[in-house]
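Residues or ranges marked as transmembrane segment by TrEMBL: B:12-37, B:79-101, B:113-133, B:168-193, B:214-237, B:271-296. Taken from TrEMBL, the feature domain 'ABC transmembrane type-1' covers B:76-295.
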Amino acid sequence: MRYSRRGAVALGLAAALIALPACSSSANDDGGSSGSSDTEVEVFSWWAGPGEKEGLEAMIADFAKKNSGIKFNNAAVAGGAGTNAKTVLATRLQAKNPPDSYQVHAGLELASDIQAGYVEDITYLYDQEGWKEKFPKGLVDAITVDGKIYSVPVNIHRSNLLWFNPATLQKAGISAPPKTWDEFLTQAATLKSKNITALSIGPGWTQEHLLENVLLGELGTDKYTGLWNGSTDWKSAEVTATLTKYTKILGFSDLKSAAADWQPALDKVVDGTAAYNVMGDWADGYLKGAKALKFKTGYDVVASPGSEGVYNFLSDSFTLPVGAPHKGAAEKWLVECGSIEGQDAFNPQKGSVPARVDADKSKYTDYLATALAEWQNPATKIVGSLAHGVVANNAFKGEIDTALQIFVQDSDVAKFADAVAKAYAANK
Amino acid sequence: MPRTSSRARRRLRAWGPGLLLVSPSLILLGIFVYGFLGWNIRVSFTSWRGQTPVYDWVGTRNYTELFDNERFQIDVRNLAVFTVVFIGGSLLLGFLMAMLLEKGVRFEAFFRSVFLFPMAISFIATAIIWRWLLNNGSGPSTAGLNKLFDNIGLGFLFSDWHKTPSSWAIAAIALPAGWALSGYVMALFLAGLRAVPEELKEAARVDGAPERKVFWHVVRPMLLPVLMSAVVILAHISMKTFDLFYAIDQGNLRIDTPALYMWFTTFQPGFFARGATIATLLLFGIAAVIVPYIWWSVRTERRK
């Protein structure tokens, strides 16, 4: 009897407190405007790996030169191409404890944050700095939501690239990298007979990265774009055939002993145990910087099979969160991100091209020189990346992630297509 | 009237100081354990998706959807396999080590510490080491345990570990988990074995019982409470383990568990209601193990 009464008291207490967390989020100070308190700025990113880290540091150095009074707090979270960082960020934003600025992929990845009112409209910075003329129109359109802009793109990355080591191809008697995925499969059989893995692969997101470029190479730009806006049917014969081809391509990869991250997957190409790797152009910064290899002799790159003349883009951008503790300093950071000096300091290190059209071309050599020329070529077709948050919102992408993890194991094409089609309908 | 008030005062005097003493921890537990627990269950009945909290009511829709969800089905199966192999392995290994020490080994204190140390290492660090030990590269990139097998002429033992296509792949993760916790089980059993009074064993021996029978009829029944607590501790660790799987291999559904799915589906795509549903089911899974244990131990305490 005594026990149960005490229990009832405890239960009642607990029940009363359940209501508490639900109503505690109303208090939210407005972050304050720029003033004497802006002596530091906390910038949140996932740039902690080789190549990207050096790029960020170069931009920070330029920022410090222009803003000597502001202490820079680099809140980078490592791992998983940003997946770890995004988790940390989501909890911070919900707790109304935002950093002063955070990194996000330009495109639909930011959609849920805009919807939740987590980021400020920074169109005024675009007007103030004249950025609308400095960034290509296509890019500005892609990041404008209902006439407002919420982020500053620092760079443009290309996803559809096939990396290889010329020495390995020579050894295997292959004269040139494949132009189509069918040609790749033919070469893969030759490579297999010579005990070379045709394609190295890494964790889940690199498998998705491969999938988007197989889809792009086989379906072409219009149908590829249609996959993300509902105009291409995932269950059509053409998509089914492509997905079947994807399973064949994976069959020639080292999926069974896949590397833990994208860098070790590239290492296999460098040391010659694997011939090809499909990865974005951040690989250039890694191969040139951390691995100290020479472009064209130590490593080389072509557009992934079937995607010549197409730029499958993704862009890293920075935001101004609502309630940023040091708003004035954060604005200065964003100005740095959009500045010609900032972009030219960052991009050569990171292995990407600047979003600005007036960047100093002489700073971009080797791979980046050709990439910049292609990005600025009006004939180049531009599509957005799936694995890097441009074309699918977080919910749709999350469901594709899971469906793909099942797909790479059971190779059930019909089931995968059906799951993706359903996920699109539920989350568009 | 004065009678009741004096009774209330007496009761307050008896209860008051004690209640006052425990109230801070009671309030903190109420908020940070039971409050959030209740809130999580509440969220599991909403349609909350994306960054903005939604507190509507959709009934058990999240639960029925989850039971039809292929990834969740894989996860539950994985967890069952892992739990059985991990608990069985740890108990067996822990018990064997305890028996060996009990038989009187030289440098017992040294071995006891050696067996116990892996538990002091965080699961993340354990996972990083075992990620390398369980590497399944072949040919020139052979590494870890496979390399060791190769070097001592046991190359035929080569295994793909957790990357094998078999649906038992997750059993390989019981190796690092068991490595970490069997020392703890050993300590439990050792304490249990030492607690058996020597007189009881002596009495049985005087009556002419062989050692085997002394163990079976005298020592074994007295180890039952230890076995029960070991099973309960291991079972709840197995259900909530996250970091070990997360750090060993990401995006490998063969070692995916409900705890991982809960985290991945909540924080990246923003399926908060689905994540809360998985968390609630995990809670009830753990409660299903722990509540009977508490009930059983309270009852046996009372009987004493």
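Just so it is clear, glycine is given a Cβ too, placed from its N, Cα and C backbone atoms.
TrEMBL: automatically predicted annotations, no manual curation.
Counting only same-chain residues 6+ beyond the ends of the transmembrane segment (B:12-37), those with a CB under 8 A from a CB of the stretch are 283. For the transmembrane segment (B:113-133), same-chain residues at least 6 beyond its ends with a Cβ under 8 Å from one of its own Cβ atoms are 97, 143-145, 175-176, 179-184, 186-187, 241, 243-249. Here the transmembrane segment (B:79-101) sits apart from the transmembrane segment (B:271-296); fewer than 3 CB pairs are under 8 Å, leaving out pairs fewer than 6 apart in sequence.
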